[in-house]
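Let me begin by presenting the structure, written as structure tokens, before commenting on it.
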Amino acid sequence: MALDEFTPADHIFENEEVLRDSHRPDELLERDEQLSEYQAALKPVIKGTRPKNIFLVGQTGVGKTVGTKLIREQFNKDQQKYDHIDVNFVYLNCKKLSNSYRVAANLVNKFRPEDDQITTTGYPRDMIYNMLYRELRNTDHTHVIIILDEIDSIGNDDGILYELPRCNDNEEVPPEDTYVGVIGISNDFTFRDNLSARVKDSLCEEEIHFPPYDAEELARILEHRAENAFVDDVLDSSVPRLCGALAGQESGSARYALNLLYKAGDLARSEGTPRVSEDHVRRAEPLVKENKIRRELERLPSQSHLTLYAVLALHNKDKLPARSLTIYNAYQTAAEEVVSDVKTQRTIRDRLGALQLKGFLTMTRENRGEGGGRYDLYDFGEIEISMIRDVLANTDRIDELFPNK
Ligand SMILES: Nc1ncnc2c1ncn2[C@@H]1O[C@H](COP(=O)(O)OP(=O)(O)OP(=O)(O)O)[C@@H](O)[C@H]1O
Ligand SMILES: [Mg+2]
């Protein structure tokens, strides 16, 4: 086949970068209330007193990460005017960190120069915490605010969320050396609900909820982005509204809405149509939906991957729907093969709950009649099982369970 010529000419996009997830908008629309709550929670810091610990929760794509980054930038700009504070915001994305130990070790390295990094395995746990406290004590900053994004990855192993928020109180890091504050961010409501009471008390001094966007909010966000992204007048005026409506129905995620608009433009470009129309949006939707589900599956914590694997194994034996105990037994077999830490039945029941909330599994509650109690039965939902299989077979470590991939 004769290949098309590569040319920079583009009749649809002025600057498609603006529609990518990596693009940082310079303001966050439709989030005034949440951002002022957020700023209020940081008030003690700018006053030079002890920070409050903050927990940010809300579904995926609702501006938690980008909002945090904008707040941090604003704070850094404003704090230059004052001599009494010197605040260091330390951002860590915990996506790939499956326990408190790894989070602590990665934090230690955030304070160290390139050539003095520690290995992130192998130390006794106490020693890692002590190393972290030492870094916090010795820093020249008045405050260190540690931002732990996607913190749900650590699952039940939430010790760090107990240790860090109280390190000023127990004098591990005396407040006169450094004030320490923690901002935890999560899109997993089950994780928040299952935090132990002791963690909840200290971490969630301020809880800020980012709700999903509605169709109109999404349409306004898209219209704003479209101004710089598209060539003038190529977008049918109803397109942002339709993307907003579809994304609003789907989940209220701005990421999803932006992906939809981007994909619609992309289709128009590759088909050589002069304008982006509703038809492009409708055809873009199934593609974007599938991508989103795949991405969410890929991003699940490893214990959730193993739990899904167990459900898949039961599906292959025609044993679905299944009770959590049956799934747990299948999980144990798989977990013993690929990871060292096999979790308790309770943890896996929580993972099943989280998977159900995210729509990867369905749950029905059965009553066994008088005095028989109730039990829950899990099954796959509407998502294609072949996709789940494909993602698991290409996930680090879990892939070992698919010898004939
Ligand atoms: N109010 C908004 N205005 C403009 N863009 C937004 C807004 N909210 C979110 N976005 C965009 O949507 C995308 C997702 O936002 P963000 O990464 O902050 O989501 P999140 O809440 O952290 O999601 P997750 O839980 O998946 O990490 C980003 O590209 C971001 O720029
Ligand atoms: Mg985020």
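Keep in mind that glycine also has a Cβ here, set from the backbone N, Cα and C atoms.
Taken from TrEMBL, the feature ATP binding site applies to Val62, Gly63, Lys64, Thr65, Val66, Tyr213, Arg225. A 10 Å cutoff on Cβ-Cβ distances gives Gly63 (ATP binding site) a total of 23 other Cβ atoms nearby, all chains included.
Feature annotation from TrEMBL assigns domain 'AAA+ ATPase' to 50-209.
Secondary structure of the domain 'Cdc6 C-terminal' (308-392) per DSSP, as helix, strand and coil residue counts: 45 helix, 16 strand, 24 coil. Here TrEMBL flags 308-392 as domain 'Cdc6 C-terminal'.
Listed in sequence order, the binding-site residues among Lys64, Thr65, Val66, Tyr213, Arg225 whose CB lies under 6 angstroms from an atom of ligand 2 come out as Lys64, Thr65. Note: Thr65 (ATP binding site) has non-local neighbours Asp149, Ile185, i.e. same-chain residues 6+ apart with C-beta under 8 A of its own C-beta.
DSSP assigns Arg225 (ATP binding site) to a helix.
Once the Cα atoms of Val62, Gly63, Lys64, Thr65, Val66, Tyr213, Arg225, the listed binders of ATP, are compared pairwise, the greatest separation found is 18 Å. Cβ neighbour count for Val62 (ATP binding site) (all protein chains, 10 Å cutoff from its Cβ): 25.
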